[in-house]
Amino acid sequence: MRKVAIYGKGGIGKSTTTQNTVAGLAEMGKKIMVIGCDPKADSTRLLLGGLQQKTVLDTLREEGEEVELEDIIKDGYRNTRCTESGGPEPGVGCAGRGIITSVNLLEQLGAFDDEWDLDYVFYDVLGDVVCGGFAMPIRDGKAEEIYIVCSGEMMAMYAANNICKGILKYADTGGVRLGGLICNSRNVDNERQMIEELAKKIGTQMIHFVPRNNFVQRAEINRKTVIEYDPTHEQADEYRALAQKINDNKMFVIPKPLEIEELEALLIEFGIAN
């Protein structure tokens, strides 16, 4: 079973990219579990046809310790197993702590047991690695390969570099490795070349360049992944290509994060800071 975590700046399109990629893998016949590690609980919505499923933390609050696996896992597109960790009430408690509670509960209830015959577990993790709780999939060895969703925008690249610092910190203890950068295009000038160069400097690869296409939003409005909404669309093939590249990937590295000056020099070189 491969344990994958998707990180990236808030709003970069992590959940959309994760769900569309998972749909591509499911189409290949892979058995997958998706764990949403975001208080917004929107990491599985497209796989479930828009169903806002009850989160692990909400279920725990309402039912106490009497929680069964079927209470917190729903079957989505092509039998993907979907669960959302959820978060505390706004202004109360720690969302990162909630992720730890949720994943530990899933383990206790046997969500990852051999009987499920899983090929992949995907963790869709909120935003930047800003606290220990959100770093938990990296830190505790829950995830073994990380993909960072980014774009040619400065803050997305800054966040990607920060996440690499988190991976570096826990690479020895958790055994986690970086599998590559996924460029979710924002149509920035020289974007593909810039992210390829960033990947090279960090010591990794740009595993796929996902072109910007408004059809993704159209599929989302219809509460579906692109592959489910229109399997013949060119954007569906982009996500299939990304899924295939992740499935075939053999390049797993300990990243070499850049200094902020190096990052700014890269932005200047490709004309974005001019």
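Glycine is no exception: its Cβ is also placed from the backbone N, Cα and C atoms.
What Swiss-Prot says about this protein:
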- Gly8, Lys9, Gly10, Gly11, Ile12, Gly13, Lys14, Ser15: ATP binding site (BINDING)
- Cys94, Cys131: [4Fe-4S] cluster binding site (BINDING)
- Arg97: ADP-ribosylarginine (MOD_RES)
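Annotated features, which come from Swiss-Prot, shown on the structure.
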residue	record	contacts (Cβ under 8 Å, 6+ apart)
Gly11	ATP binding site	none
Ile12	ATP binding site	Val149, Cys150, Ser151, Ala156, Ala159, Asn184
Gly13	ATP binding site	Val149, Asn184
Lys14	ATP binding site	Ile6, Tyr7, Gly8, Asp124, Val125, Val149
Ser15	ATP binding site	Gly36, Asp38, Asp42, Ser43, Arg45, Asp124
Original post:
Fewest other CB within 10 angstroms, which one of the recorded positions Lys9, Arg97?
Top reply: Arg97
Original post:
How long is the line from the C-alpha of Gly10 (ATP binding site) to the C-alpha of Cys94 ([4Fe-4S] cluster binding site), rounded to the nearest angstrom?
Top reply: 17
Original post:
Taking just the CA atoms, what is the gap between the residue listed as 'ADP-ribosylarginine' and Lys9 (ATP binding site) in Å?
Top reply: 20
Subject >> Local backbone state of Ile12 (ATP binding site), from DSSP in three classes >> reply: coil
Original post:
Reported as an integer number of Å, what is the Cα distance between Lys9 (ATP binding site) and Cys94 ([4Fe-4S] cluster binding site)?
Top reply: 19
**OP:** Quick one: give me the count of other CB atoms within 10 A of the CB of Cys94 ([4Fe-4S] cluster binding site).
**Re:** 15
Subject >> Cβ atoms near Gly10 (ATP binding site) (within 10 Å, other residues, all chains) >> reply: 14
Subject >> Gly8 (ATP binding site) CB neighbourhood, other CB atoms within 10 A >> reply: 28
